[in-house]
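*Asks:* Pulled the feature table from TrEMBL, pasting it below:
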- Ser42, Thr199: Mg(2+) binding site (BINDING)
- 193-199, 218-222, 296-299: GTP binding site (BINDING)
- 252-266: domain 'CRIB' (DOMAIN)
Amino acid sequence: MGNCCSNADRSPDNYKKNTITSDEDQEIVRFFMVGMGSAGKSTIIKQLQKLCHLRPGDYQMYDDEWQPITHSFKEHELLRWRKIIRRNIIDALHILYKQAENWGQALIDTEAKDFADYIFTAEGIAPNWEQEEDLGKKLLAFFNDNTIQDTYDKRAQMTGELQITDGTLYFLNEPKIRQVFLQTYSPTDDDILHARDPTTGITDYRFSINDMKVMIHDIGGQKVERAKTVNYINNWVSADRQNYRNFILYVVSMPEYNIQHPVHVGLTLFDESLKMLELIMELQPVQNCGVMIFLNKEDIFKDKMQRCKDLPEVRRETIKYLGKYMDKGDRERLQNTGEYNYKSMRKCLASKVAHVATSDKLKRNKGTYHKYTCAVDSKLMDTLFGAIRNEITTAIVDQASWIP
């Protein structure tokens, strides 16, 4: 990314001195962005970078000294993303293979079976997978095996650690797999937008949206990073200045409402995310920060809701985890027929978040605010960023109350 971001020593103790900027006058809106590892935080950053390219009159990137920079990928960065995308696809196919085995389903094509036994070892993916001759063709033959296709069609029933990341679904089709494994393949902006590359540590980004300057401090959502979040936030707030307006930007993955936690029985990944949100909301320094919650991946959530009609298991889990927030009539209709009102289901999910975000025990001095988002949709996110900019500049966000 060149100088578009900074990931210098961001340990909690050093954070304050490392986030001083040279701009003393103009108001700067600061976001501390946090969420679980699969929430889609990095996609939001990549979307802003893409909009800088598509709409240079409205979006601009800056370096650490607020000097304008151009976002473009160098050749070595494109090569890195190509490897990441190829690995995303192989990891997803490996998950489908393991799930098929768990369901007692064997591959039908013997060549696909032999290839799977080679490329998917007991330790994971074969270390020399990149050197495999005709890799793309063999992966495509494996993906087209009837057993793998059947497993893919039932992916909404996959639980625990056997989950395909949402962005990878974009690549799991014949034309895309064929394209990605060509020797001449170079990732497009949309490819990079959907690729999964977990954030580690904390990284600072600087943008302007029209004339509003924005700093985004993105902390990794992996477990080892989450353990440092409280210290990071305390030090981030202590680096406040008169021209700063501070917001916590918490990103939640909507479709994780029914995904079982791999360790904690009875909890979902969505429940874990809400526990993290609760911890952050209760921090004393956060009471004086605006809180903006992105209910992200609405497109995947909508797709999962549609599967309630055909997959009784998804229907049962939806009632199990969201039923208490549903009207009695809506709950009975979903249970008996699989029919539902999408806006009502979306509101149920928001109500579950609101139970934490608007708790009576919080003594907040600033507003708590939420938006439904789809971070991979450039048009939608452009509209969203514009709305947020208008609402921030008119101070609506500071006084916002939660309306599911």
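Cβ atoms are placed via backbone N, Cα and C, with glycine included.
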*Asks:* Roughly how many Å lie between the Cα atoms of Glu298 (GTP binding site) and Ser42 (Mg(2+) binding site), rounded to a whole value?
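*Replies:* Spelling it out, the Cα of Glu298 (GTP binding site) and the Cα of Ser42 (Mg(2+) binding site) are 16 Å apart.
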*Asks:* Taking each of the binding-site residues Asp197, Glu298 in turn and counting other Cβ atoms within 10 Å of its Cβ, which one has the fewest?
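*Replies:* Comparing Cβ neighbours within 10 Å for the binding-site residues Asp197, Glu298, Asp197 has the fewest.
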*Asks:* List the same-chain residues at least 6 positions away in sequence whose Cβ sits under 8 Å from the Cβ of Ala195 (GTP binding site), in sequence order, or say none.
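*Replies:* Once residues fewer than 6 apart are set aside, Ala195 (GTP binding site) is near Trp81, Ile84, Ile85, Asn88, Gly167, Pro187.
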*Asks:* For the domain 'CRIB' (252-266), what is the mean per-residue pLDDT, to the nearest integer?
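*Replies:* Averaging the confidence scores along the domain 'CRIB' (252-266) gives 87.
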*Asks:* Per DSSP, what is the residue count of the domain 'CRIB' (252-266) in each of helix, strand and coil?
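*Replies:* When I sort the residues of the domain 'CRIB' (252-266) into the three classes, I find 5 helix, 3 strand, 7 coil.
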*Asks:* Would you mind ranking the binding-site residues Ser42, Asn296 by how many other Cβ atoms sit within 10 Å of each Cβ and giving me the lowest?
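*Replies:* Among the binding-site residues Ser42, Asn296, the lowest count of other Cβ atoms within 10 Å belongs to Ser42.
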*Asks:* Do you know which of the binding-site residues Leu193, Ile219 has the most other C-beta atoms within 10 angstroms of its C-beta?
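*Replies:* Comparing the binding-site residues Leu193, Ile219, the most crowded Cβ belongs to Ile219.
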